[in-house]
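Record features (TrEMBL):
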- 20-41: transmembrane segment (TRANSMEM)
- 32-354: domain 'G-protein coupled receptors family 1 profile' (DOMAIN)
- 53-78: transmembrane segment (TRANSMEM)
- 90-111: transmembrane segment (TRANSMEM)
- 132-155: transmembrane segment (TRANSMEM)
- 182-204: transmembrane segment (TRANSMEM)
- 210-244: coiled coil (COILED)
- 293-314: transmembrane segment (TRANSMEM)
- 334-357: transmembrane segment (TRANSMEM)
Amino acid sequence: MDNTVYWNAYLVRLFIPLDILLILFMITGVAGNGLVIYIYGLKMQNVKDGQYFIPYLAVADLFASVICSLFGLLTTLMPLTYEFDILCKFGWLLSSGTTFMSVFLLVSIAIQRYMKVCRRKGTMMTLKWKRIIIIGAVFLSAVLAGPSVVTYGSIPFKSINRNVTGMICGKITGTVSIVYDIVMVVGVILCCGFLIVPYCLIALKTHRYLKKEVQSRSELQKRRKNEKSENQNTQSSISTLDNEYSIPVQSNEQRSNESVIDLDNNSLSNYSTIIKKQALKIRKKNLRLINKITKIFMIITLIFLLCSLPKITITILETLTPNFWENTTDFERLVLMFVHQGYILNNIANPFIYTFFR
C-alpha cells in the first residue's frame, strides 16, 4: 500500500503539465464557445441558413470542453487511487454524450453543405427538419453514450514493471465491452465517411464551377476583343468611303429623330448592362458566402478528424491488446495521456476558425 501511495504521488507530479493543459482547454473552451453562443445565438438578429447549426455546435463544444477537461483532471489527480466507481461511470457517460453530440452536428452540417452546394435545385433542409435533426442528435448521443456506464468503471490496475496494484478509471473487460467497441468503431467509420465524402463532392463541384467560370471569362474576353477589332475595321472602312464619296447632308428633323433613336437604344443597352452587372455581382457575393461557410466547416471537420483519430486508435489498441496500460512505462503513459486528451482541441478550436473567416 505504501508503494501504491508513493507511486500515485509520483504520477500526480508527472502529470502536472497535462493538468495545466487541461485547465487551459477548459478556460479557452468556455471563453471561445461562450462568445460564439453570445454572437450567433443572442446578438445576431438574422442568422443565415448556413449558420443555423453554429450556436448548437458551440453549446455542445462548451459542455464537452468543460466536462472532458474536468474528467481528465480527475484521472490525472487520482492516477492510482480512483476508487469512485459512480464518478468514473458518469464521467464517461457525460464526456461521451457531449462528444457524440458534436460529431452528429458536424455530420448534419456536412450533409447540409452538400445539399446547398451540389444539389441547389433539389430539396433543402427546412427549419422543421433542422429542429428534428437537433433532437435526433441529442437522442442518438444519449443512446450511444448510455452503455459506457456498463463498460467503464473503477478497476484494479497492476504495474508489471513495479509490481504495484492500484485503482484506475478504465474499461471493464468482457463481452459487453467488446460489442460496444465494435459498434463504436463501425459508428466512427460511418461518421468519417459522412464527413469526408460530402466535402470531397463539394470540392469537386467547386473545382468544376471555377474551371467553367475561367473558361467563360476567357471566351468573353475573346468575344470582346473580336468585337473591338470588327468595330475598328468598320470605322476605318467608313472613313475611307467618306473620303472617296460625298455623303448627302441630312435635314435637322432627320438628325433629331436619329439621335432620339440612338439615345433610346443606348439607354436600353445601358440598363440591360447594369441589370446584368448587378445580377452577376449578387451571384458572386452569394457564391463567395457559400464558399466561405463551406471552408469553415471543412476546416472544422478536418480538425475533428485529426484530433479524434489518435484517441480512437488508442481505444482500439486498448481492446485488442491485453494489459495495454499495464505494460507501459510512466513516460509512455504520460505521452499516451497527452494524445488521448488531445481530442478536446476539437471543441475549443471552432471559435478561432469562425473568427479567422469572419
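Using N, Cα and C of the backbone, Cβ positions are placed for all residues, glycine too.
Those TrEMBL annotations? Automatic predictions, nothing curated.
These figures come from a predicted structure and were not determined experimentally.
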Are the transmembrane segment (20-41) and the transmembrane segment (293-314) near each other by the rule of at least 3 C-beta pairs under 8 angstroms (pairs 6 or more apart)? no
Between 20-41, 53-78, 182-204, 334-357, who has the most Cβ pairs under 8 Å to the transmembrane segment (90-111)? 53-78
By a Cβ-Cβ criterion of under 8 Å, what residues six or more beyond either terminus of the transmembrane segment (182-204) are in contact with it? 103-104, 106-107, 110-111, 113-114, 117-118, 144, 294, 297-298, 301, 304-305, 308, 312, 315-316
